[in-house]
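Peer 1: One structure coming up, written as structure tokens, with questions to follow.
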Amino acid sequence: MESIFRVIDMFPVVVVHGGAGHIPKERSENSTSGVRSATRAGYTILQRGGSSMDAVVEAVTQLENNPSFNAGCGSVLNIKGEVEMDAIVMDGKTLGSGAVSAVRNIANPIQLARLVMDKTGHACLTAEGANQFARSMGVPEVPLESLITDYSRMRWKKNLAPDANPVECQMGKMGTVGAVAVDSEGNVACATSTGGMLNKMEGRVGDTPCIGCGGYADNQVGAVSTTGHGEAIMKVVLARLILFHMEQGQSVEAASDLALAYMKSRVGGLGGVVTVDPQGQWAARFSSLQMAWAAAQKDTLHYGLYTGEHFTQSIDDPL
């Protein structure tokens, strides 16, 4: 009996990422504090006995509302200078999933993705169809301008220049945001949301709303939320690849590292992931220069930004 109690003691846990990439020092502080705050909000739900799905949606909603991240308010702009956002949720208990792609005028695409899962028989709605569904569900539309920050507009203009460096184009902004969690009943869930790639073609959809790419959750294995170069993530089906390695007996950390290394060697893609297993083991791993991440478990908040960084504090300490 003792070993059973020890396992149960591991969860609940929530792990959050604020996107893989490279951001200037003056912006990295906002990213780190943002993921810590979102993690605390998700963990509060788990402490009260709430579901892993409620926890990940709350955490990601907070990041969508934070202009420091490339999701919701603060999303990067497409080639036309407009916002088009993607999001996904997945429930490990039922394998239920909901996603939206290329949505505009919606403050919290992650909440709309959850409505797709809960209120329709579909897995993904796109563009105007997703917006029509949002209206039918009473989700308020917001002016497009309210989602666009001065910083996003400045970077859009800068990267339209004929001499713009395509590598630098993707720098300066943390990417996709996401969360995974295990609740007190051992159910896992994931949520991922993004504004996509800077100066992308209109109508471009990346990995985020695709099951197995932007996220995956299965109570029998674990849950993953990914971030990074969407086209590369899609080619290797990164979230599901990590869970495949876990099915082969790898730990959350080893499975995450193996899949990220494969993506880098096979298609030259960089990225990052947050991963949990149903027992509450967790990992935040990335091949990019930075990934703001945070995790909460047993009343301790863990967080970091660079490879090898791992700070801890009490969940109740001021952020």
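From the backbone N, Cα and C atoms, a Cβ is placed for every residue, glycine too.
Remember, TrEMBL labels are computer predictions, not curated facts.
Taken from TrEMBL, the feature active site, nucleophile covers T176. According to TrEMBL, the feature substrate binding site maps to R204, V205, G206, D207, T227, G228, H229, G230.
Context for these features, please: burial, neighbours, distances.
Peer 2: The C-beta environment of T176 (active site, nucleophile), restricted to residues of the same chain at least 6 apart in sequence and closer than 8 Å, consists of H17, G19, A20, N70, A71, T192, S193, T194, T208, G214, T226, T227, G228.
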Peer 1: Per the record, substrate is bound by R204, V205, G206, D207, T227, G228, H229, G230: how many Å separate the farthest pair of Cα atoms?
Peer 2: 16
